[in-house]
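The structure appears below as structure tokens.
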Amino acid sequence: MEMPGVAAAVALALSLIIVNLAGQCSGQLQFGFYNGKCRDGNGFQRNVEDIVKQKVKEKFSSDTTIVAALLRMQFHDCFVNGCDASILLDVPNGEKTAPPNLSVRGYEFIEDIKTEIENTCPGIVSCADIIVMATRDAVVESDIKKMGTGWYPVQTGRRDGRVSSAQNVNLPSPSIPVPQAIAAFSSKKLSTIDMVYLLGGGHSVGVAHCGLFENRLYDFKNTGNPDPAMNTTLLQTLQTLCPRNSGSPNSANLDQDPLKSSSVDKSFYEQIRLGNGILEVDQQLALDPNTRFLVARIAGSNDFSFQFGRAMIKLGAVDVKIGRDGEIRKKCAAVNSPNRSSDGNVFNLFG
């Protein structure tokens, strides 16, 4: 049952997000960009965000791991060439082929949503916007209390990029030192606070395979010993799960709270304060002087969803293509053919 006053508090918080960020819209990137722009073959107006929401709801009912998949996809897309859906392109030596992206999934699902929208109002909605909208809706679905507190507004109006190259993929590694991670996020105009919310929120769901943290279990930084920052009980569990030099395909939940490992919430921060971080960078967030006070504050706060939503809005605005830059792809996996206008319905959208 929903607690009294929660719905009103959530509505107020979300309205404050919109008010506070209203002046931060970048060019044509805005809240409600598609309002009134999608009409089906019978001339009836359709709500693009509702179409995406329904598809995500259906997907989540059969596959809760789609939440982690979409969060990872948006991060990997936005951090390389900006949020332009370049990660979706099936091209030789494209972003998909870069080592950090080999385990990214959810491509078929985004294409499925795109097909649904194209069948309703073709040439209107970008694949880049679909990624951002679907990720938000997946976060909402992960809310185990089903109180709607995970919802945040998303800006839309992005255009799809035409270039995808594995050489451009330079993502922070799971063992990146916190100061270097701060610099990497800063280069995308994301603050240290944004980074802590994005890494923590993104890693509150999903798993990591043994190969990403085995060094912490046996030979941390060539010391011949495990990472002393890891909780000893967790260490023993992971050593059993991932025997030394075994090449084990096993994986561990990034959030070690078994009741919340499928929900985007603050429990991740509580766990890393207990030494239960799986990835080195996650554990270091709770130890590094630049971030440990933020981790402590978030772990004890009641506004995680609000602040995570703000950080996701900022991530979604990284180096976007707008106006007549880029295109509205017909299919997310391929750029438009030369004989098809790459502007789609650009003149209907922009004047």
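Along the chain as shown, the residues are counted starting at 1.
From the backbone N, Cα and C atoms, a Cβ is placed for every residue, glycine too.
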Candidates Cys121, Cys127, Cys210 - disulfide partner of Cys332 as recorded in TrEMBL: Cys127
Cα distance (Å, whole number) from Asp265 (Ca(2+) 2 binding site) to Asp84 (Ca(2+) 1 binding site): 27
Greatest C-beta neighbour count within 10 angstroms, which of the binding-site residues Asp84, Asp257: Asp84
Candidate with the highest Cβ count within 10 Å, taken from the binding-site residues Asp77, Glu95, Asp265: Asp77
Alpha-carbon spacing, His76 (active site, proton acceptor) to Ser86 (Ca(2+) 1 binding site), which is rounded to whole Å: 10
Neighbour count (Cβ, 10 Å) for Ser86 (Ca(2+) 1 binding site): 28
For Arg72 (site 'Transition state stabilizer'): intrachain residues, at least 6 apart, with Cβ closer than 8 Å: Val104, Gly202, Gly206
